[in-house]
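What Swiss-Prot annotates here:
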TRANSMEM  11-31  transmembrane segment
CARBOHYD  N184  N-linked glycosylation site
BINDING   C458  heme binding site
Amino acid sequence: MLPTYFGTSNFLAAFAVWMGVVVLAFAIFCVRRLYFHPYSKYPGPLLGKLTNYYAVYHSWKGDQHIDMWRCHEKYGPYVRYGPNELSINTAAGLKEIYSHGRNFKKSVKYNAMVHQAANTLTTIDKRKHGKKRRLISQAFSDAAFRSYEETIQQKIAQLCTALRRRDDDSNEIVPDGNWGPAKNMSHWCDWFTFDVMCSVIFGVPWSSLTEKTYRNVPHLIEVSNVRVGCLIEAGGSKNMKIDKYLFPAAIAARNQFVKFVNDIIRQGMAMSAKGSLKGAFALLRDATDPETQEPLSFKELCGESATLVVAGTDTTSTALAASIYYLCNHPKVYERAVQEVRSTFQSRAEIGLGPKVNSCTYLRAVIEESMRLSPSAPGPLWRQADAGGATVDGQYIPQGLEAGTCVYAIQHHPEIYPQPFKFVPERWLGPEAVPEQYRSDYSPFAGFTPFSIGPRGCIGKPLAYIELTLTLCHILYAFDMRLPQGVNVNEDAEYQLALHITAAKEGPLVEFRPRTVV
């Protein structure tokens with residue numbers, strides 16, 4: 001009940017004034033963002049011009065990469081996708097945003113990914129990032145890669161054994177020449193790449209390919225990424241803390257993953273005390289900055305290790321599953337890749353790093369085209385213009401505003417990749433090998449950025465190619481493979497991904513027939 005001195009009419013009048021002020025403020029806010037903003041001249045979705053929550057919504061749905069591609073199809077090469085975000089879908093723009101020496105730094109959005117300490121992926125300051133990258137690169141040198149090969153080969157052997165099993169709960173092996181039951185390759189690729197990264201980084205003895213103890217960890221990463229992807233597009237701030245009410249399952253998954261990382265680091269430190277620690281963790285623990293002679297702190301060491309596990313599991317797993325998907329849906333491509341591998345190697349023992357693997361150029365083209373159509377991180381990597389602003393493909397980006405290129409959109413650009421939704425490995429074999437209808441004035445690498453480019457490009461890119469090439473060589477040599485009986489090949493289909501920082505996926509279901517090989 002209102003006090004007698006505050007009558008109903010006065011209350012309604014005050015409420016009307018208050019509402020009028022709110023409406024006026026909102027109108028001014030909208031007018032400023034739509035007509036008096038440095039990005040006002042650029043087309044884009046209306047809600048995107050007004051609020052970041054347009055991007056948050058599509059991040060939550062997992063279709064932000066598709067939506068950005070559609071926006072570029074509708075509006076052209078320059079799209080205002082957020083109030084302060086300009087998406088640039090040109091080969092020149094890609095180079096000018098991300099290459100060395102550009103006046104950009106990582107967006108503050110990346111703060112949403114920081115948990116305990118900033119790592120190489122999330123560090124915004126260029127000088128600090130340079131220090132971290134110099135340290136991390138010591139675990140990703142050519143010599144380090146050679147030392148990891150034995151571990152990778154062991155994991156590939158375990159994967160091939162798993163593909164021969166009748167089912168996951170028995171040791172019954174499918175006889176040579178017989179087709180086995182369908183395998184969900186999104187799961188097996190996740191477990192395989194997760195095992196590789198944990199073994200390469202920490203030298204752990206267990207295997208998700210043979211045991212179920214840690215098989216939920218890749219799923220925890222996927223669930224956790226839904227929340228973080230939304231926080232990134234919201235602007236990178238976690239100060240409001242409303243995410244704990246919106247994403248309780250994602251936070252629980254994050255906490256479980258952090259516990260896993262802490263446990264495995266403790267195992268690594270225990271092995272270190274015994275002098276038996278191997279892998280990248282040992283190299284990172286002992287590494288010092290060549291310029292400052294400073295090592296990584298313990299928190300930094302934990303952060304870098306966790307990031308390597310996450311990035312190395314998700315991205316390589318998606319590329320491997322996508323390659324298998326496209327091979328199974330394109331019989332002529334499959335036959336050519338099989339012929340190349342089986343004519344190159346006379347035994348499984350010959351499949352290793354060196355000239356023979358490097359000579360499998362068609363298989364490499366299959367991998368490249370698979371990553372073009374279904375990139376592991378298909379979204380935009382936002383960059384913020386530094387002091388003085390920057391010019392990108394003729395467009396001025398004022399200081400503090402952001403620009404980026406959506407990986408999925410640029411890798412489906414019809415001028416760079418004619419008939420961009422067609423799976424054509426020949427695009428990567430040189431101009432003379434490309435059928436006329438798929439030829440372009442651009443190099444296929446002009447828009448190819450599954451690992452990003454420039455000083456922030458993925459440091460694990462060579463390791464990913466090693467895993468992908470060796471694994472596919474072994475699978476194509478040791479097995480025939482096909483889609484399950486009753487499932488028709490579809491050469492026009494694309495391996496579908498959901499974007500939550502990296503790509504979430506399902507399938508393909510594939511049947512394997514072991515060959516009698518040495």
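In case you wondered, yes, glycine gets a Cβ from its N, Cα and C as well.
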Tertiary neighbours of the residue listed as 'heme binding site' (same chain, Cβ under 8 Å, six or more apart):
A311, T315, F451, S452, A464
Across all the protein chains here, work out how many other Cβ atoms are within 10 Å of the Cβ of N184 (N-linked glycosylation site).
14
DSSP-derived structure type at N184 (N-linked glycosylation site), helix or strand or else coil:
strand
